[in-house]
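Listed in TrEMBL:
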SIGNAL    1-31  signal peptide
BINDING   129, 198, 226  Mg(2+) binding site
BINDING   346, 371  ATP binding site
């Protein structure tokens, strides 16, 4: 007799092969049930066992900085040992994988791809990184974060087996490697029809690259990021990303700069595979529907996702579900998937409910615009998006009563990791926003609230003032002020155009107080530079 997950997957496949009105009804029912379980943006579970598991995960985080040469992959062969310990060789070999690398847009591409295939009726698994509020965000089944119960079950299964078999020669896997192994266990045990895997870093030496025969590979837009690990030129970076290409496996890429494209084509040629460049999606392909993820750049990611999903469907023998060509509108199930896709922290607009819903302050308006951009190219895209969306009131959530306010203040809330060069990030953001008619009235620089070493569901309280090292944030402020001076924007003292706060909660409270005290002003806050910072802000404003 079939297990319950296997039976569900079997029914989905049968329904897909016989589309009817019943299929639409069932899909809608499944989507409603998934939405009811999802709890998007809610507080993570905080059971004692879950907190214990988060502590175990924290113990796997290496204390080496990411630029350390030991992280580059000279022990990458350990992944094969871990796979054998967990007896996952056959499961991974059978898995129908879509593998995606890239500098920017790979998470969005994976999200679009999974949503398309789920709308086609398939049982999907999605592995992405990083998480913003809860580690379970990295493991999605049918578009929903894995349940706490299942997460705990599969975590302990992997943890106990690895603890039993590892030693000084083969130590416990590092944090991301463990999560990748856990994803393989989850997706194999849950018998997903398709596993969409986002590369964590690079490609060639990434933990997800133990997949030897994916169905199709994709490379999203490439740019300068993680240069301390991947190389100083676009060619070197592209070469690392192309490490996911496999002989006999079709590959697709978004349009790339010439240097990057040359490196990708060279690797594809060495393997004897086709590398196809995918044009961005056009609005008419969607029959006047909007993409679920906002921003013009998402049409690039959506185009790549359509190519990946179409190739997967074709390879699995579902040609009847494919788009007819590249010029006509997409099939309805593709459009449904693209328009319903959602991803936190990417071009996300969140009104501050604490301020905006206070009855005595009905005119208050404080809105956070969240985007985890952290490369020069994505900062430029982020600046354009923020400029356009803040000038277009129709894109604001209906709960924000813009009509009550007569003025707006544009505020930047920023932090980035110290391995990144703010002289490459901040100018791109400032130029893009200025060229699109938006000027920041104020920039706030804060340390991240959470550290990557602390995974607990309860964010730790801010350190005492004397324990806080703000030297990096003060450096960011200096870079910002010099940029303003060089562009002739800052003609006042720096205290009027930027501030450094000891902690994020203090900065948020400062913003809330100002919104309450200045009810005729709409405060529009762009949060960017770090996905960790975006996650920290979400934790605070969604409490």
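From the backbone N, Cα and C atoms, a Cβ is placed for every residue, glycine too.
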Residue 371 (ATP binding site), number of other Cβ atoms within 10 Å: 25
Fewest other C-beta atoms within 10 angstroms, as judged across 129, 346, which are the binding-site residues: 129
Count of other CB atoms lying within 10 Å of the CB belonging to residue 198 (Mg(2+) binding site): 25
Between residue 371 (ATP binding site) and residue 198 (Mg(2+) binding site): CA-CA distance (Å): 18
Residue 129 (Mg(2+) binding site) to residue 346 (ATP binding site) - Cα separation in whole Å: 13
